[in-house]
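Q: Questions regarding the structure given below will be posed in turn.
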Ligand code: IVH
């Protein structure tokens, strides 16, 4: 008896954990665990519930997360019941799991064929057309009820979501809304609000604007809907349209101008399916969208009813999931650091391990609740994953632990001030404005590539200048010249490794001259870069560019009525509040007064509309000048710079030791040019031959 209640308690605990993960995934669009761990725990729950079913009554069995598709939805959008549930897909990770699935289908229809499609990692959507007009767009929600996000879907380009079609019977189709990786990089550059393209697609799609209430007008940027793409793969009630197979359904959708994936194919047997999976795996990194596997569907609709489904997924399709590069290693240490906004990040030191071909020894943990949720234990095994990102992630513990053995940090790791919690209760902040680390990071940000781009002032140097009290804030940088003598002697005496290369006095003078030159040059900048460099909370590059449309210098910026921007649909209340707070703060005002006295020469910012750009460039490899300089040349000429290569990129400017971009450029037919061809192109653009 005692034992039974222990088992029940264990199952309930597991359910609670999975329910919480579901909530984070479906409602907050902020997954806290990796799919692999989720699947492992869900499988464990299903097995336990099957073994100990007699310990539960029917209601208890039905309320388990193992019996539901998604988390309960609490939405700002209208909740509408799906015509038929939007289910999930069963998963296969190995060839033999796939083989088993194929065998079941061949038992029903011997000559069964398959339809294979890449599994795009986006947000599923169900569109409903009446009399040729789009009248409803439902998200998956909890699988039974979706949110009607029609108002937002109507803002997506017609190329992806046709609003009117030449087909007048009732029509329901299902597909995926996603963001291309190249566009996501652009979005990231402007506002670092989203973790990944999926998160961004979901955030933009479910953006809710209280139009009538002027005080709470979120006025989020409407142009963000231009980032969304879509792709359709499902026709509901195909028999009503006299469609008998998935391949016919895709042709039907194509004819009606719906975007469909161009890699999908009909395959005749398991070995053809496996060959397709391998092909897609190889292509995966060259695609401009994230896929997390391949969906294999039985092509013939005639056997779908007989194949049937569980409450969670149909037996007519399966997702073959690509395993990301995952390694097991020991978590050696966790140490917190403080960033320029005062936010605390927990950094993990791991026993070095090879992951995706590189040796990794550290990982980042976003906050303490992540550590707590994953019950990470120091000196025990963890899973580390590298999926495209540069910094690896810890995705879970290998062994089950009761709780984490790492305690939360209550004080700033640098200045020891008591940390405060953000409104969400997840993030911790050091609020000490004299915290030396925050001051250092603020100056590092000010000198960074996207802000003032003072390359010679890297973190190490800034640290020395701060330690020697030659600077204490960003403005002091511009007074360094007057302290030349002093700096010179400081550098001469310094014996750190930083200075080893510079131990001859002439070199030191040269490097100081270089530094002062760069500072002088940095006074000729686009005004938005200075605004961005100030590091105002929530003001990223995008917001800084918008501000520079209204004001041309620091004093105009200080006198701007930020709330007036609300009506311009540019800014939401969050940014406006941040701006008001920043310009209310006396320390910031002193800093601005100091900066006002510097004779900056602000350039007029070209805010480029991609549709008017004459060309688009990406860069790879080492060039004769810094990347930043080349980006400036590109943008000044009226062209667009792309961080990564996509079909929209026209030229790849190639330097020495280039990386993988060249492969991709070749594959998608982007023109590759060297530095002199590039300069020639720009020259021609400036002086076109008449
Ligand atoms: S068919 C029963 N086909 O994957 C669900 N789904 O894990 C039938 N997805 O909710 C869906 N690409 O959001 C299907 N080619 C594809 C897909 C695809 C991505 C998503 C979709 C679905 C989820 C299931």
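Glycine too: its Cβ is placed from the backbone N, Cα and C atoms.
OK, TrEMBL features for this one:
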BINDING   35, 36, 37, 38, 39, 88, 89, 117, 140, 176, 297, 321  NAD(+) binding site
ACT_SITE  119  active site, N6-AMP-lysine intermediate
BINDING   412, 415, 430, 435  Zn(2+) binding site
DOMAIN    616-686  domain 'BRCT'
Q: Kindly point out which of the recorded positions 89, 119, 297, 412, 435 have a C-beta less than 6 Å from some atom of ligand 1.
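A: From 89, 119, 297, 412, 435, counting a Cβ under 6 Å from ligand 1 as near, the near ones are 89, 119.
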Q: Distance check, please: Cα of residue 297 (NAD(+) binding site) against Cα of residue 412 (Zn(2+) binding site), rounded to an integer number of angstrom.
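A: Given the Cα positions, residue 297 (NAD(+) binding site) is 53 Å from residue 412 (Zn(2+) binding site).
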Q: Spatially, which candidate from the recorded positions 119, 415, 430, 435 is nearest to residue 39 (NAD(+) binding site), comparing Cα atoms?
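A: Comparing Cα positions, the candidate nearest residue 39 (NAD(+) binding site) turns out to be 119.
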Q: Other residues with Cβ within 8 Å of the Cβ centroid of 412, 415, 430, 435 at the Zn(2+) site?
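A: After dropping the recorded site residues, what remains is 338, 342, 411, 413, 414, 416, 417, 431, 432, 436, 437, 438.
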Q: Quick check: of the recorded positions listed here (119, 412, 430, 435), which one has the Cα closest to that of residue 140 (NAD(+) binding site)?
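A: So, spelling it out, the nearest of the recorded positions is 119.
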Q: Name the residues of the same chain, 6+ apart in sequence, whose Cβ is under 8 Å from the Cβ of residue 35 (NAD(+) binding site)?
A: 292, 321
Q: Listed NAD(+)-binding residues 35, 36, 37, 38, 39, 88, 89, 117, 140, 176, 297, 321 - what's their greatest C-alpha to C-alpha distance in Å?
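A: Greatest Cα-Cα span of the listed binding residues: 25 Å.
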Q: Compute the C-alpha separation of residue 415 (Zn(2+) binding site) from residue 119 (active site, N6-AMP-lysine intermediate), stating it in Å without decimals.
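A: With the alpha carbons as reference points, the distance is 48 Å.
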Q: By the DSSP assignment reduced to helix, strand and coil, which category contains residue 297 (NAD(+) binding site)?
A: strand
